[in-house]
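Shown next, in structure tokens, is the structure this report addresses.
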Amino acid sequence: MLWRVAAAAAARWARPQGIGSPSVYHAVIVIFLEFFAWGLLTAPTLVVLHETFPKHTFLMNGLIQGVKGLLSFLSAPLIGALSDVWGRKSFLLLTVFFTCAPIPLMKISPWWYFAVISVSGVFAVTFSVVFAYVADITQEHERSMAYGLVSATFAASLVTSPAIGAYLGRVYGDSLVVVLATAIALLDICFILVAVPESLPEKMRPASWGAPISWEQADPFASLKKVGQDSIVLLICITVFLSYLPEAGQYSSFFLYLRQIMKFSPESVAAFIAVLGILSIIAQTIVLSLLMRSIGNKNTILLGLGFQILQLAWYGFGSEPWMMWAAGAVAAMSSITFPAVSALVSRTADADQQGVVQGMITGIRGLCNGLGPALYGFIFYIFHVELKELPITGSDLGANTSPQHHFEQNSIIPGPPFLFGACSVLLALLVALFIPEHTNLSLRSSSWRKHCGGHSHPHSTQAPGEAKEPLLQDTNV
């Protein structure tokens, strides 16, 4: 099969040698370079997307991101299992290469650019491999801080790169931005080849080659099959699904919505991303810690869902740019929901069930990454939220664009998908009311425990019961 040949070739190219011993900083640099390259393309991608699909921009954007998300959801467990056998470095190289492969195609052929983006979802799971890399080289008590450092680096790359890309595109043209993004992607690949050492012990990797991979390890729906076996787990998973489905759709289309419908300039979009990223980092660290200590875990989840309903409704009814900025501040506060859910699961689940429940939540989030963008694109389509005119090109990014921005929309609801999302999160809030503050989550079946521990390799540094799931699906800007 194609993936097997590609993985074997990557494994031969990725030598176990690197610079120094494996460390979290190797993983941080890999993540930063990959998402910095993609962040540079935020403004050019919005222009090329509408020029390529002028009549159904939002629908096609949703389909492209939806296909990518579903492919990532389906492939993440298999790639994670294979990295346990063939090594992390090989799959770091493979995932970064295929994730960044569409970048140079933006100026060569936009159709191929978007087609390759969709297909690249099969390998667009760099976060999964990076988190496995970190788990190999850290102790259990260090892992949360290491994961936080990787996630903060991802956020930092998106705080800076869209603004830089928008400025360079306005001054020098989008072609330079694409060349720069391609160069940074190549630098990331070279860094993995030359500097990143293998995290799996040398003595274990040769013995693990050829080890069997069971279907249970590669089954993307394996974690979802256990959802109904405990009522508390079911409530948590329904809450995550109903709240993350609109969030995934919002991330896939919101910056296009700001650019084309709300008349934001590329610089304004980049500034919006930067401000939202900084506020989200503050909310998920300082504010989240204060809320958890003062009002408790469950109430923090409810508060985060309340903020999410408010910001989605604000986006749905808002028709002025200042409303978008105000709602963005509320959106940053809504980012506390998922960390609070993860903390609730971590505190209430039995030690040998941590990986089970966290794996279910991650699987549901991965599924939403595929369904959410497609759903938002379809809702935009049925409400006829489309431009009648082509947007300005890259050479005119600084010009006044207001005469060209005419679109068909409902006069009462400018953003129908966001209002639908608010209704979905309202249902999530109602479900979350029934989640106990303190309980023990225990699945009735013992087969999952065997699955979590029975296929582990002797070189793994994970604690008993810790997840071997794909942890996080990669999300786009």
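Numbering starts at 1 and runs along the chain as displayed.
Quick reminder: no glycine exception, Cβ is built from N, Cα and C everywhere.
In TrEMBL, annotation is done automatically, which means it is predicted and not curated.
The annotation domain 'Major facilitator superfamily (MFS) profile' is assigned in TrEMBL to 23-440.
The region 'Disordered' feature in TrEMBL is assigned to 452-477.
Long-range contacts of the transmembrane segment (24-43) within the same chain, counting only residues at least 6 positions beyond its ends with a Cβ under 8 Å from a Cβ of the stretch, are 18, 92, 96, 99-100, 103, 106, 126-127, 130, 133-134, 137-138, 146, 149-150, 153-154, 156-158, 160-162, 164-166, 168-169, 174, 177-178, 180-182, 184-185, 187-188, 191-192, 195-197, 255, 259, 266, 269-270, 273, 397, 476-477. Annotated transmembrane segment per TrEMBL: 24-43 (among others), in sequence order.
Among the features that TrEMBL reports, transmembrane segment is placed at 63-83 (among others).
The transmembrane segment annotation in TrEMBL covers 90-106 (among others).
Under the heading transmembrane segment, TrEMBL lists 112-134 (among others).
Annotation source TrEMBL lists transmembrane segment at 146-169 (among others).
What TrEMBL lists as transmembrane segment is 175-196 (among others). Sequence-distant contacts of the transmembrane segment (175-196), counting only residues of its own chain at least 6 positions beyond either end whose CB sits under 8 Å from a CB of the stretch, comprise 13-15, 18-19, 22, 26, 29-30, 33-34, 36-38, 40-41, 43-44, 89, 92-93, 96-97, 100, 103-104, 106-107, 165, 168-169, 394.
Same-chain neighbours of the transmembrane segment (232-249): 62, 69, 226, 301, 305, 308, 312, 337-338, 341, 344-345, 348, 357, 360-361, 364-365, 367-369, 371-377, 417-418, 420-422, 424-425, 427-428, 431-432, 434-436, 439, 441, 443, 475, counting only residues six or more beyond its ends whose CB sits under 8 Å from a CB of the stretch. According to TrEMBL, the transmembrane segment annotation covers 232-249 (among others).
Among the features that TrEMBL reports, transmembrane segment is placed at 269-292 (among others). Proximity of distant same-chain residues to the transmembrane segment (269-292), defined by a Cβ-Cβ separation under 8 Å and at least 6 residues beyond the stretch ends, is recorded for 39, 42-43, 46, 152, 155-156, 158-160, 162-167, 255, 258-259, 299-300, 303, 324-325, 328-329, 331-333, 335-336, 339-340, 343, 477.
According to TrEMBL, the feature transmembrane segment maps to 299-317 (among others).
The transmembrane segment annotation in TrEMBL covers 323-345 (among others).
Annotation comment: TrEMBL describes 366-383 (among others) as transmembrane segment.
Only residues 6 or more beyond the boundaries of the transmembrane segment (418-435), in the same chain, are considered here, and those with a CB under 8 A from a CB of the stretch are 232, 235-236, 238-243, 245-247, 249-250, 298, 301-302, 305-306, 308-309, 312-313, 315-317, 344, 376, 379. Taken from TrEMBL, the feature transmembrane segment applies to 418-435 (among others).
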Who are the long-range neighbours of the transmembrane segment (146-169) in its own chain, taking Cβ under 8 Å and residues 6 or more past its ends?
24, 27-28, 31-32, 35-44, 127, 130-131, 134, 138, 176-177, 180-181, 266-267, 269-271, 273-274, 277-278, 280-281, 394, 397, 477
